[in-house]
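> Quick one: the structure is below, questions incoming.
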């Protein structure tokens, strides 16, 4: 097998072929995330055909999401050790095979295996490597590039939701799945666009990749650095040493709680709208509205957080978007008609697009671009269990009686709590003399601050 030729550059080009990478990632998000969202349009058909309740049917969407995120580290490994191009092409073949086999399903268990596991595995090989590739080609306009790339999820939902409903009406749910199987084969084309690039940063150590708002020699504690030096697996050290970084741990815990609340809406919005008297076409249109507003959130938040005044506060913007998304859940039990559900779809869609754009941006700031693919694999891996269990737990009756919106409040409250606790835990972790010296100005003053217990107060103003 011939080696893949890599374009060489001393720094991210912030343009050129990078825009083709953005276009490829845009198509990947359409074929993965938008298609996954539109699986909920099949739920009523599956429930009727297989005579099952909503909780049983919801497992299909949950398994697709769970396997996509659970196997995200596998996608990173394939792209790191083979190539991003090969990984995405292989993923496209697997995902297409899953849809085609699902069109011949005779039971829900068959759909669990084909539409759930096989398709989810294919999506996993495509999603995180494509997103990581954008981060390698952009630096100055990184948030905007990610906003455009991630908007594929929204625009795909806007277009595909009514199209899938029309396909079901014209060709039945089996024919619609078969057509989607051909559609996701476009992932192979997307893979061909992912030209690898080698940056100057790729030849530096992980410690050299990390720069915070104030100068710091290393993001690791002395005990962590000693462990890294004696680690028998150098490959593991290079690819996953960020797991011991305090910044990444705080981000990972936040993502874990966020993922628990964001999945059920895409599963139950259509059934809930139908239950309050909204027509099938209007219910599908709500998903389209959510999708197009998602696009606006992707692009505008990406552009805004690239501005100089907000560039250093991207993590705060990320938390704000996630929190407002959770608060919007609280209004859902009071919305009993199509005119009232439209503003809800707009609000949720906008902030959903905002925080989705910022996840890879914030991750790249924490770990750097060298290990970005592996880090995104871990971040999306943390979505797996919440994506699997939250929709079935939040069954249809729970949504109608308000249990799901209450969990939205639980989601927001926990994020606020995590940010507060994470900030103080981070201050404690990095409260060594070297970090305090960067603020205090001298070793002697730093020693006095640490001795008097004022290091945390000194550092807190920088978070």
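Any Cβ shown, glycine's included, is placed from N, Cα and C.
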> Would you please say which range out of 196-215, 216-235, 316-335 has the annotation transmembrane segment in TrEMBL?
316-335
> Does the transmembrane segment (58-79) reach the transmembrane segment (144-168) with at least 3 CB pairs under 8 A, where each pair is 6 or more residues apart?
no
> Count the CB pairs under 8 A between the transmembrane segment (316-335) and each of 86-105, 144-168, 174-194, 283-304, 355-382, then give me the winner.
355-382
> Counting a contact as 3 or more Cβ pairs under 8 Å, with residues at least 6 apart in sequence, do the transmembrane segment (355-382) and the transmembrane segment (86-105) touch?
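Between the transmembrane segment (355-382) and the transmembrane segment (86-105), contact is absent.
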> Near the transmembrane segment (86-105), which residues from the same chain, at least 6 beyond its ends, have a CB less than 8 A from one of its CBs?
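Result: 4, 28, 31-32, 75, 78-79, 111, 114-115, 117-126, 129-130, 174-175, 177-178, 180-182, 184-188, 190-192, 194.
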> Using a Cβ cut-off of under 8 Å, list the residues of the same chain at least 6 residues beyond the transmembrane segment (144-168) that approach it.
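For the transmembrane segment (144-168), the list is 18, 22, 25-31, 33-35, 37-38, 41-42, 45, 130-131, 134-135, 137-138, 175-176, 179-180, 280-281, 284-285, 287-303, 306, 349, 353, 356-358, 360-361.
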